[in-house]
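Student: Before I ask anything, let me first share the structure, which is written out below as structure tokens.
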Amino acid sequence: MSDTPVLSPSQPAAPGTAPKIGFVSLGCPKALTDSELILTQLRAEGYETSKTFAGADLVIVNTCGFIDDAVKESLDTIGEALAENGKVIVTGCLGAKAGQAGGDNLIKEVHPSVLAVTGPHATQEVMDAVHTHVPKPHDPFVDLVPAQGIKLTPKHYAYLKISEGCNHRCSFCIIPSMRGDLVSRPIGDVLNEARALFEAGVKELLVISQDTSAYGVDVKYRTGFWDGTPVKTKLFDLVARLGELAKAHGAWVRLHYVYPYPHVDEILPLMAQGLILPYLDVPLQHAHPDVLKRMKRPANGEKNLERIQRWREICPEIVIRSTFIAGFPGETEAEFQYLLDFMQEARIDRAGCFAYSPVQGATANELPGAVDEAVREARRAQFMEVAERVSAAKLRERIGATMQVLVDSAPALGRKGGVGRSYADAPEIDGTVRLLPPEKASKTLKVGEFTRARIVAAEGHDLVAMPI
Ligand code: SF4
């Protein structure tokens with residue numbers, strides 16, 4: 001759960017100047033792309049953004065309602081914005097959450113003076129509320145909007161959201177009740193956005209959604225059009241086109257939130273050919289079939305270990321990232337041991353683990369066999385010990401190899417070294433590659449550019465490398 005406070009410089013609005021909107025974006029990358037859409041629309045209509053609540057004519061808070069800490073952070077931020085500014089519009093996941101005292105909206109219950117509340121992916125509703133309280137400025141400079149829209153990420157990487165919502169009903173998750181069923185974006189729109197991003201200098205495109213493998217299921221894989229040619233609204237077709245676009249721009253495409261369905265196997269040859277990164281973020285959450293069934297996980301009948309082995313046969317360099325939950329209701333000692341064994345056999349490169357914690361409104365709360373909190377935490381710690389051993393061993397295997405590294409930071413043109421990432425590291429969630437000062441005086445490092453680097457050491461989750 002990261003947060004991205006307000007953008008761009010500003011002073012309090014002076015008479016005759018464009019109205020200024022304060023914006024706070026809380027939550028996951030999917031919420032971030034909602035924020036980008038709203039900010040793009042605001043800019044398109046001639047609004048400016050304000051760095052401070054007090055200097056804004058109105059504040060928009062994009063909230064997260066995933067876990068209790070995120071709810072608290074969102075409610076606190078709304079409170080701050082109300083205290084410092086007074087005019088506040090709230091959007092995002094928390095906006096769709098029911099109140100606790102019988103009201104139909106939690107935010108209205110806690111902060112009755114907010115001007116408007118919407119759920120997630122509601123750009124138009126948010127804009128309507130903005131227009132009501134801070135009228136649109138005249139003669140908007142539409143041409144000032146960059147073709148790729150306004151991005152909150154650094155210039156060299158960007159998230160590309162391909163769908164909204166989810167058709168699954170995992171028992172620990174309330175996202176579908178907040179974001180609704182799967183709605184895939186038209187393939188032509190997605191590809192146009194990708195092309196605009198690459199043309200604007202993006203070197204790494206991170207494909208996200210709630211369930212990337214389900215892209216197009218809701219529209220029965222309808223045939224759309226892009227560049228005058230028919231293209232199916234289907235993951236393979238999308239990824240193949242994205243790979244071609246990325247290749248033409250010397251950029252990377254990385255896939256997140258992919259479930260281990262059989263049709264995902266088709267994508268592996270694209271990775272082996274180098275069209276997209278050999279990296280898959282597959283949130284498995286557990287390995288034992290009975291726990292997966294109780295979790296109501298997508299693809300819970302699949303044999304994940306065999307699937308991962310097959311992926312490695314097709315594309316040996318594939319890196320797999322995953323997240324797991326320890327201490328899910330009813331998890332026995334034997335089921336947990338099964339998970340540990342799976343982790344060692346599957347050799348998941350990057351794994352995260354949460355101790356199960358009940359989320360208000362999730363059906364898992366009613367499952368029998370709640371695991372004691374101390375046991376949940378002990379299992380999480382035990383899992384992470386195993387995961388870190390696996391990950392460290394895999395990182396050590398890279399010592400001596402030469403890898404392509406995308407530079408994220410390089411003060412003084414890299415004379416004192418820098419920090420980057422290889423194909424094995426997604427931004428924010430995985431490790432990094434610490435780049436040593438180049439030996440050759442003529443070698444420089446620039447943010448957003450690739451460098452070849454020889455791996456010389458492994459340190460925790462990270463690698464150390466010499467740029468060459
Ligand atoms: S796949 Fe499951 S965990 Fe993911 S959003 Fe859908 S219901 Fe939630």
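Note: Cβ is positioned from N, Cα and C throughout, glycine not excepted.
The model shown is predicted, which means the values in this text are computed figures rather than measured ones.
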Student: Given that TrEMBL assigns CYS28, CYS64 to the [4Fe-4S] cluster 1 site, pick the one from CYS93, CYS166 that the record assigns to that site as well.
Tutor: CYS93
Student: Taking the binding-site residues one at a time (CYS28, CYS64, CYS93), which has its Cβ surrounded by the most other Cβ atoms within 10 Å?
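Tutor: It comes out as CYS93.
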Student: Consider only the binding-site residues CYS28, CYS170, CYS173: which of them have a Cβ under 6 Å from an atom of ligand 1? Write none if no residue does.
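Tutor: Passing the 6 Å Cβ check against ligand 1: CYS170, CYS173.
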Student: For the C-alpha pair, I'd like the distance in angstrom between CYS28 ([4Fe-4S] cluster 1 binding site) and CYS166 ([4Fe-4S] cluster 2 binding site), rounded off.
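Tutor: Here the two Cα atoms are 15 Å apart.
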Student: Summarise the domain 'TRAM' (396-468) by DSSP state, stating how many residues are helix, strand and coil.
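Tutor: Tallied per class, the domain 'TRAM' (396-468) gives 5 helix, 31 strand, 37 coil.
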Student: From the binding-site residues CYS166, CYS170, CYS173, pick the residue whose C-alpha lies nearest to the C-alpha of CYS64 ([4Fe-4S] cluster 1 binding site).
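Tutor: Result: the closest of the binding-site residues to CYS64 ([4Fe-4S] cluster 1 binding site) is CYS173.
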